[in-house]
Each structure stands twice: as C-alpha cells, then as structure tokens.
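K.L.:
Below is a structure I'd like to ask you about.
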Amino acid sequence: MNADARREAAGPPSPAPEPFVRTVLGDIAPERLGRVDYHEHLFQTTPLLPGEELDDEDLSRGEAGLMRAAGIDAMVDATPWGLGRDPLAVARISHAAGVHVVATTGFHREAHYAGRSEVLELDEERMAAQCLADLLEGQLAVDALPGAGARERPPLGPAGAPVRAGLLKAGVDYWRISAFERRALAAVAAAHRITGAPVMVHLEHGSCAHEVLDALEADGAAPERVVLAHIDRSPDATLYAELAARGAYLGCDGAARLKEWPESALIDAIDGAREAGHGDRILLGGDVARRSRYLAYGGMPGIPYLTLRFVPRLERRVGEAGIRSFLVDNPRAFLRWPAPAAAG
Ligand SMILES: [Zn+2]
C-alpha cells in the first residue's frame, strides 16, 4: 500500500503534521486549548438518571457560556455512544460559546444500556468499528446501532466538516467488569492502537482502577494515555500515587459532592499526589452532568462551580503553578493525538 492509499484507509487526512487535539470544529494545535475542564456533559440522557436529561440546546449553550465566563476555554463532552449525544448541537454550541469541545466515543458501563439487548450483545469488532468511525469519519446526527446496515454519511457541522470525536471512553461497574464492559475496554484499546486517541474510563466510586489499567495494558493501551475518571470518589493520596506511578492520569471531578466527605478531603488527596511528585498526572473537571445541577436549567451549583469555588480553594494549597499544570499543561498533553505520520 502506498502512502496515499494508506492515508485514505486511515480516514481523511489531518491538516496538521504535528500532534493535534481533535475538537468538534476541527483539529487544533494543543497549545490553543487554554484552560481545560476535562469532564462535563452538554447532552446526556440515561435511564440511570430519570428527570436529569440534558437535552435542550439553548440551555446547554447557556451553561457553556457561563463556563466560558468562569474562565474555562475548552472541555471534554464525556457522553459516549447511545446516551443522547447530539454532535451537531455540540458543534454549534462550541462555535457560539467560543469554547473548544472534544467529543467522546466509546461505550459507558453496562447499566446505562439496561434493557437494550441489541447493544449489550455487540461484539468487540462492531464496537471498535463504531469508535473508529466516530473518531475518523465523524458522528451521525443520531446514534444508530453499530454495524446495522450501511452507514450513512455523517452530516457536516458549522465548520463545514463532519463532527469527529476526539477521545475514547469505556466504563466499568463497582468492583465488577461485566463481559460487555470488558469488550468495550478491548474495543477502545483497539481504536486507540490505530489512532493514538486518548482514553477515559469511568470508574464506579473509584473502584477497579488497577484492574482497568491491567486490562487496557494487556490490550496494548499504555496507562500514560488513560485517565481514570472519578478516582476522587476514593480520595486517597496513597492510591493516587500508586496509579500515577503506573503512568495514569487521575480524573478529579468530584467537587461539590458533599454527601460523603468535605472538599478538603479531595484537596488533601490531590495535594498529596502532587507532593509525591505526580502533579503532572492530575486533571480537573466538574462532571456536573444533571439538569437539576445546571444553572442554565434552573439548578445549582452549575459547571462554573469548579473554577469559581473549588479551584481557588485548591490553589491556596498547590499554588498558581499547580493549577496551571492541572488545567492547562496536563490536559494539553493528555488530549493530544500523535502526528498523523505516527498514527499509522
Ligand atoms: Zn460524566
């Protein structure tokens, strides 16, 4: 296969010969991201959160605008396949609010697809093909069952190009990795091996962290390219240091969840990991994710809570340089795809 044919097989060429971040409006230099909230949702519907649907473009655009005004320049929309993604609306919001958005592909933990046997029976190959199509060709306007019939052409977003996902995601349950979830991890690893795209894994209450890294590593995805989302539901500096020593990013997105412990526990754990030399592995997000908690939908505390309330408290412990690494340098390194020539 000559170089042109190889490029064609790998999908549309990227305009950038350098490492890049794949956003919903196109590929950009990582340096352009600015301050990144690594985990939010503009759209999400799931049977696990009845009444908490994020499904109104005007209101989600309003929340994105509030986030932007609160000092965030870029976000990951962490909603994976089949849970109410709306890629064209996400791209329009990105454009209107002036926020870079990295969209997600992959599959959440099994419970989100309860009763959808046609989804839970998907094999690894079809799951991987869906991930690659979203990453390389673009997302469909509405998610269709992977591999069911001929795939339509993805529609064009406001930038005149298809809306491509820039990140892979899988999810696991509380101390359980079901057969479906294990296939999703394998599919995500397969798509990662081909593209080099970053990988997020949803952990339930911070459990299964080492086990998830073991599975991904066995399938050829290095921990250095993986963020363990919700690891701070187990606010434990010792655990953080172990996982960071393996190379994984620590997805700290539990601010404002006050039922289990005070935020000072999160600050202690983050600062403990930083003091142990792992400050370059920490990512910050809000994962607010519910309409009852979005300001624009009439709830609270809203996405801006992260930068307006939590970050200033954390900054008093870790300093400006610490916050800069958590919000700017670390997500920039994590979200980067390799230069196209290296993506194979
Ligand atoms: Zn989330």
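Note: Cβ is positioned from N, Cα and C throughout, glycine not excepted.
Please treat TrEMBL annotations as automatic predictions, because they have not gone through curation.
Keep in mind the model is a prediction, meaning the values are calculated, not measured.
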K.L.:
Among His192, His210, His230, which residue shares the Zn(2+) 2 site with Lys169, His202 according to TrEMBL?
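P.N.:
As annotated by TrEMBL, Lys169, His202 share the Zn(2+) 2 site with His230, chosen from His192, His210, His230.
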K.L.:
Excluding Lys169, His202, His230 themselves, which residues in that chain have a Cβ inside 8 Å of the centre of the Cβ atoms defining the Zn(2+) 2 site?
P.N.:
His39, Ala78, His108, Arg109, Ala170, Gly171, Met200, Val201, Leu203, Ala229, Gly251
K.L.:
Quick check: with His39, His41, Lys169, Asp287 left out, which same-chain residues have Cβ atoms within 8 Å of the centroid of the Zn(2+) 1 site Cβ atoms?
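P.N.:
For the Zn(2+) 1 site the neighbour list reads Glu40, Val76, Asp77, Ala78, Thr79, Thr104, Met200, His202, Ala229, Asp253, Gly285, Ala289.
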K.L.:
Given the binding-site residues His41, Lys169, Asp287, tell me which ones have a C-alpha lying within 10 Å of the C-alpha of His202 (Zn(2+) 2 binding site).
P.N.:
Lys169
K.L.:
Near ligand 1, which of the binding-site residues Lys169, His202, His230, Asp287 have CB less than 6 Å from any of its atoms?
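P.N.:
With ligand 1 as the reference and 6 Å as the Cβ limit, the list reads Asp287.
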